[in-house]
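S.K.: Sending over a structure as structure tokens; questions will come in a sec.
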Amino acid sequence: MIKLFNTLSKNVEVFKPIDEEVKIYCCGVTVYDLCHLGHARSYIAWDVLRRFLIYSDYKVKFVQNFTDIDDKILKRAKEENSSMKQVSEKNIAEFHKDMDALGIMRPDSMPKATNHICNICSFIKVLEKKGFAYARGGDVYYSVFKNKDYGKLSNQNILEQNINQQGRMTSDESNKKNNPQDFALWKKAKENEPSFDSPWGKGRPGWHIECSAMVKDELGETIDIHLGGADLIFPHHENEIAQSESANNKKLANYWLHNGMVNVNGQKMSKSLKNFTTIRDLLDSGTSPMTLRYFVLTVNYRKPLDFTDEALKSASEAWKTINVALSFFDITKKENLSIEVNETNEFVEEKYKEKINYEISQKKIKFTNALNNDLNTAGAIAIIYELAKPLKNFINQFQRIKNLDINTNEKFHLRETLKTLEELTQVLGLKKEEIIIENKITEEQIISLINKRLIAKKGRDYAEADKIRNSLKEKGIELIDQSTELTTWVRL
């Protein structure tokens, strides 16, 4: 059974869906710029959750919004001498490019705030009618003190928040708000800014109300899972709960899941610290999409993820092992060794077959148990690595010993291991990438250097022999001395 940490209860709970179809809402991006590593961390984690639910035979409807009207978008439009729509559409296209590269499944629906203005206005009218909202001079605010449960997600103290907010209000806000903690549902239009018609005059929606309206319109009044980063717990998700539950008299979501933040070399990632990295910058610098995905999955989604060059390099090396294993058939076919998946198992010894099937079933159970345990991707990755190692080792051995004798039992073991590896990596969204050999060196060049090294050794020029060995290792070639006269090699 799947167990998830619920931010609302502060406990790990058994997941029990409302209906046959699991309804999930994920807070999307404000589309004014390229996505950064924090977005990668969040959307990779939730993509694995979605994939695992599907793997566990659940039907899933996954909705993720776009905030396409916001102060940041308007500011960017002004800087670029463009329009709000042009900025948002451009960055939506860039968002898809990044997410597709990382192997993130596209949501079933991706509503935009600007397409839900009528729904948003209707939602606010309900809150106003019930006494949870009040209009002042073209603005509409939510009255926090009317909601006795406000703060239940974040454990915020309303009175303390009220005091803290008093010094942050503009003079206009202090004249309009009943209390400093009250937040905007509708904002009066400013001169020369895009606006929409509403019962309170021209304006645009507040950030929080957008999600409440879109959740209801896309998924209904109560959903199974609501997702987002830990930075959204307060005020965004707290305010979503307040709005939705006040309007609908129903629980907004049964499970609230939040991912941890990204640090860079132990410091919070931010533009002010100049350690801010976009997904595009990282991929353009040579990091493969699956290396980044693998790196994100090595740490539990709720914990902070510390991004360092060393950690990324380590992830790259580990991913190479898995990627080579996933490329098993491509490599063995190139070397004219046939170990096809559909090859007959007729001549495999029954006891051997039972042994291998049992071992693989145990690995699948461990993999599933890891993800059942609050999406423990690090534990799942460990099982993936266990499956990849024997495949990688066989390739190394095969490249070293060209006429390697392999029996039907061993072929069966390799085929079943690869089939399982492909199945489980798909759950984590890890997919085979082209193997790029840096400083590529041909077989003829390798043999020539091996012969030169043997001559150097015979002449007791061990410094030259070591120099050749180290030079080949830098090019990804490891030498294995079988005897004083025979040296074989393998690509690392």
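Even glycines carry a Cβ here, placed using N, Cα and C.
Model, not experiment: these values are computed from the prediction.
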S.K.: I'm validating the feature mapping. Which of 18-28, 29-39, 51-61, 447-457 is tagged motif ''HIGH' region' in Swiss-Prot?
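M.R.: Within the set 18-28, 29-39, 51-61, 447-457, Swiss-Prot attaches motif ''HIGH' region' to 29-39.
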S.K.: Could you tell me which of the ranges 268-272, 343-347, 458-462 is annotated in Swiss-Prot as motif ''KMSKS' region'?
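M.R.: From Swiss-Prot, the annotated motif ''KMSKS' region' range turns out to be 268-272.
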S.K.: Apart from its near flanks, which chain residues at least 6 from the ends of the motif ''HIGH' region' (29-39) lie with a Cβ under 8 angstroms of it?
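M.R.: Answer is 66-68, 70, 72-73, 75-76, 87-88, 91-92, 94-95, 98-99, 229, 261-262, 264, 269, 276-280, 282, 307.
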S.K.: Work out, from DSSP, the number of helix, strand and coil residues along the motif ''HIGH' region' (29-39).
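M.R.: So the counts come to 3 helix, 2 strand, 6 coil.
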S.K.: Hey, what's the Cβ neighbour count for GLU240 (Zn(2+) binding site) at 10 Å?
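M.R.: I count 26 other Cβ atoms within 10 Å of it.
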S.K.: Going by a 10 angstroms cut-off between Cβ atoms, which of the binding-site residues CYS27, CYS211 has the sparsest surroundings?
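M.R.: Sparsest of the binding-site residues CYS27, CYS211 by Cβ contacts within 10 Å: CYS27.
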S.K.: Inside 8 A of the center formed by the CB atoms of CYS27, CYS211, HIS236, GLU240, which other residues of the chain have their CB, for the recorded Zn(2+) site?
M.R.: TRP207, HIS208, GLU210, SER212, HIS226, GLY228, LEU232, HIS237, ASN239
